[in-house]
Amino acid sequence: MKLRGLYAITDSQLLDDGRLLPYVEAALRGGARLLQYRDKSSDQARRLREAESLRELCERYGAQLIVNDDAELAARLGVGLHLGQTDGSLSAARALLGRQAIIGATCHAQLELAEQAVAEGASYVAFGRFFNSSTKPGAPAASVELLDQARPRLPLPITAIGGISLDTAPGLIARGVDLVAVIHALFAAASAAEVERRARAFSALFEPA
């Protein structure tokens with residue numbers, strides 16, 4: 001599948017109390033192309049259960065599930081993987097998951113990390129945070145000028161993450177970003193209907209003018 005569009009990322013605090021599946025389905029209905037399951041808890045049985053349910057939803061809507069920082073879970077479910085800089089070897093994950101798996105890499109604000117990820121077999125690279133982030137307030141800041149440098153040098157899709165909203169996403173897309181990764185601006189909503197509305201609005205930003 002072409003890696004372009006809205007990249008929805010779950011948050012276990014935002015999506016508690018039974019909201020995970022209905023809110024995720026709303027995001028997929030609204031056009032999210034990738035969904036990252038991000039849950040840092042140690043409850044492996046629950047994580048497996050939730051990830052299996054999310055995989056079924058993604059298959060239904062033609063989207064791709066990406067698991068955050070758990071190569072074994074990704075391999076068990078036959079889905080993609082996203083690795084941070086401290087989440088283990090990208091080349092080892094590629095060997096485990098195979099050539100066809102989608103594997104993304106966090107590169108913060110460093111073009112050198114992105115070039116290394118390309119060499120190790122990444123499917124996409126992620127830069128950020130570009131704006132103030134509720135999820136990772138202490139993450140290194142990235143500038144939009146980084147995108148100007150990265151686009152001609154990287155042969156892979158570029159993901160932007162970090163405090164992205166409907167107001168700020170267009171400027172990033174105009175600079176060559178292929179995927180906008182969104183958490184709060186998508187899922188911090190009062191209803192599933194509102195999540196779907198926001199997802200449709202983000203997805204529309206990628207449509208030809």
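Glycine is no exception: its Cβ is also placed from the backbone N, Cα and C atoms.
Keep in mind the model is a prediction, meaning the values are calculated, not measured.
Straight from Swiss-Prot, the features:
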BINDING   GLN36, TYR37, ARG38, ASP39, LYS40, ASN68, THR106, LYS136  4-amino-2-methyl-5-(diphosphooxymethyl)pyrimidine binding site
BINDING   ASP69, ASP87  Mg(2+) binding site
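Known features from Swiss-Prot, placed on the structure.
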residue	record	Cβ contacts under 8 Å, 6 or more apart
GLN36	4-amino-2-methyl-5-(diphosphooxymethyl)pyrimidine binding site	TYR7, ALA8, ILE9, THR10, ILE66, VAL67, ASN68, HIS82, ALA181
TYR37	4-amino-2-methyl-5-(diphosphooxymethyl)pyrimidine binding site	THR10, ARG47, GLU50, ALA51, LEU54, LEU65, ILE66, VAL67, ASN68
ARG38	4-amino-2-methyl-5-(diphosphooxymethyl)pyrimidine binding site	ILE9, THR10, ASP11, SER12, ASN68
ASP39	4-amino-2-methyl-5-(diphosphooxymethyl)pyrimidine binding site	THR10, SER12, ARG47, GLU50, ASN68
LYS40	4-amino-2-methyl-5-(diphosphooxymethyl)pyrimidine binding site	SER12, ASP69
ASP87	Mg(2+) binding site	ASP69, THR106
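Neighbour counts of Cβ atoms within 10 Å were taken for the binding-site residues ASN68, THR106; the minimum is at ASN68.
ASP69 (Mg(2+) binding site) is surrounded by 17 other CB atoms, counting those within 10 A of its CB over all protein chains shown.
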